[in-house]
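Taken verbatim from Swiss-Prot:
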type	residues	note
ACT_SITE	LYS165	active site, proton acceptor
ACT_SITE	HIS284	active site, proton acceptor
BINDING	ASN113, THR163, LYS167, ARG285, HIS317, SER369	substrate binding site
BINDING	LYS191, ASP193, GLU194	Mg(2+) binding site
MOD_RES	LYS4	N6,N6,N6-trimethyllysine
MOD_RES	LYS191	N6-carboxylysine
SITE	LYS324	site 'Transition state stabilizer'
Amino acid sequence: VGFKAGVKDYRLNYYTPDYQTKETDILAAFRMTPQPGVPPEEAGAAVAAESSTGTWTTVWTDGLTSLDRYKGRCYDLEAVPGEENQYIAYVAYPLDLFEEGSVTNLFTSIVGNVFGFKALRALRLEDLRIPPAYSKTFQGPPHGIQVERDKLNKYGRPLLGCTIKPKLGLSAKNYGRAVYECLRGGLDFTKDDENVNSQPFMRWRDRFLFVAEALYKSQAETGEIKGHYLNATAGTCEEMLKRAEFARELGAPIVMHDYLTGGFTANTTLAHYCRDNGLLLHIHRAMHAVIDRQKNHGMHFRVLAKALRLSGGDHIHAGTVVGKLEGERQVTLGFVDLLRDDYIEKDRSRGIYFTQDWVSLPGVLPVASGGIHVWHXPALTEIFGDDSVLQFGGGTLGHPWGNAPGAVANRVALEACVQARNEGRDLAREGNEVIREATK
């Protein structure tokens with residue numbers, strides 16, 4: 001009784017412009033490009049329906065639950081200025097649609113099948129508001145910024161890193177030697193490249209051993225705590241944990257994971273292991289551009305960054321603003337703040353669609369990496385501030401005198417920039433002069 005079969009417009013149930021969002025709702029901002037002839041209200045409602053409780057037709061089992069309680073709602077639409085037939089659709093999802101502590105489940109719903117939907121030419125998730133009621137169900141980063149500084153005993157400046165190159169092809173012994181040279185020269189960290197896992201020319205266990213030797217030797221010589229991001233990414237979760245465990249047994253302070261290729265389930269598993277065992281966790285974002293590079297389809301990196309803060313990681317690559325990889329300055333700074341700060345106000349000029357309150361979830365250090373070198377140090381110090389990791393790969397190893405002098409050059413330049421900034425000098429204007437003085 002009361003059930004009427006047939007296909008209905010989504011907007012009859014899922015477009016609700018008078019809906020008042022709740023504190024506990026997960027809010028999403030989608031950039032939609034509807035197919036010609038599809039009204040934006042229908043497209044927005046379709047997104048809300050297909051990413052929550054809806055399907056293409058009315059089904060009798062709808063009567064067995066309270067759809068009003070569980071459905072996603074498109075509660076606002078705005079045309080994108082300067083773009084033809086593009087709209088921002090705001091969708092509110094009730095909290096009960098999602099499993100607690102699972103980024104995997106969150107993404108399966110919100111960025112699942114709906115992205116292949118016929119009524120849309122393109123769809124991009126621009127931002128998500130994660131309410132405290134949901135974020136409190138996650139452990140988040142294993143340690144966070146303050147605990148990391150305390151573990152490393154390094155304060156008042158950005159941390160320095162370097163990716164060992166050539167990224168593939170070195171033997172474990174030569175790899176360890178390159179690590180030692182860089183750390184001895186003054187870097188805080190060296191890094192496995194994201195595609196170094198356990199290949200025929202260098203098996204993971206051999207690499208871990210020679211790197212541990214380099215760590216202990218450079219620590220003894222410099223009196224500073226040193227780290228190398230040992231990449232634990234593997235084909236199975238069990239193998240990944242085996243590698244992390246061996247790193248812990250060797251006394252290494254930090255391991256690494258490729259969180260998008262490894263997957264959120266594996267990443268969250270590793271983040272829990274790292275907190276339980278006192279390891280820091282460095283996150284690389286290989287594959288992100290497949291998802292975030294198109295301006296009208298996919299997902300913005302700020303969403304992937306928020307997802308990582310929930311899933312867990314102490315460092316994450318965040319572009320550079322100045323190097324070889326793409327990144328717009330204000331927008332990059334927007335998601336850098338979303339990674340580090342506890343409370344971030346809505347600010348559309350920086351691409352932040354919602355005010356985000358992380359409550360007590362620890363912060364993540366943004367890593368600037370990709371085509372940067374010594375002459376970028378003033379700009380990077382100014383843009384990223386102290387709570388960041390600056391990673392010069394070719395910018396260290398490409399030094400004409402070798403790795404250790406390259407590392408010395410980076411450390412000297414960084415300390416000169418930090419000192420000049422602390423003395424009130426204008427790095428944007430005087431940066432090159434500051435570095436020239438430091439080299440004398």
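Cβ atoms here come from the backbone N, Cα and C positions, even for glycine.
It should be emphasised that the depicted structure is a prediction, and the values quoted were computed from it without experimental measurement.
Features per Swiss-Prot, on structure.
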{"residue": "LYS4", "record": "N6,N6,N6-trimethyllysine", "Cβ contacts under 8 Å, 6 or more apart": "THR58"}
{"residue": "ASN113", "record": "substrate binding site", "Cβ contacts under 8 Å, 6 or more apart": "GLU50, SER51"}
{"residue": "THR163", "record": "substrate binding site", "Cβ contacts under 8 Å, 6 or more apart": "THR190, LYS191, ASP192, ASP193, SER369, GLN391, GLY393"}
{"residue": "LYS165", "record": "active site, proton acceptor", "Cβ contacts under 8 Å, 6 or more apart": "ASP193, GLY393, GLY394, LEU397"}
{"residue": "GLU194", "record": "Mg(2+) binding site", "Cβ contacts under 8 Å, 6 or more apart": "ASN231, THR233, ASP258, HIS284, ALA286"}
{"residue": "ARG285", "record": "substrate binding site", "Cβ contacts under 8 Å, 6 or more apart": "ASP258, TYR259, LEU260, PHE301, LEU304, LEU308, ILE316, HIS317"}
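DSSP assigns ARG285 (substrate binding site) to coil in the three-state reduction, outside any helix or strand. LYS167 (substrate binding site) carries neither a helix nor a strand DSSP state and counts as coil. DSSP assigns LYS191 (Mg(2+) binding site) to a strand. Taken residue by residue with DSSP, LYS4 (N6,N6,N6-trimethyllysine) is part of neither helix nor strand, so it is coil.
The local packing around ASP193 (Mg(2+) binding site), expressed as other Cβ atoms within 10 Å of its Cβ over all shown chains, amounts to 18. Close to LYS167 (substrate binding site) in the fold, though at least 6 residues off in sequence, lie ASP193, ASN195, VAL196, each with a CB less than 8 Å from its CB. Of the listed recorded positions, namely LYS191, HIS284, HIS317, the sparsest CB environment within 10 A is found at HIS317.
The record assigns ASN113, THR163, LYS167, ARG285, HIS317, SER369 to the substrate binding site, and the maximum Cα to Cα distance across that set is 37 Å.
Listed in chain order, the residues near the Mg(2+) site other than LYS191, ASP193, GLU194 are THR163, ILE164, LYS167, ASP192, ASN195, VAL196, TYR229, ASN231, MET256, HIS284, each with its Cβ within 8 Å of the site Cβ centroid.
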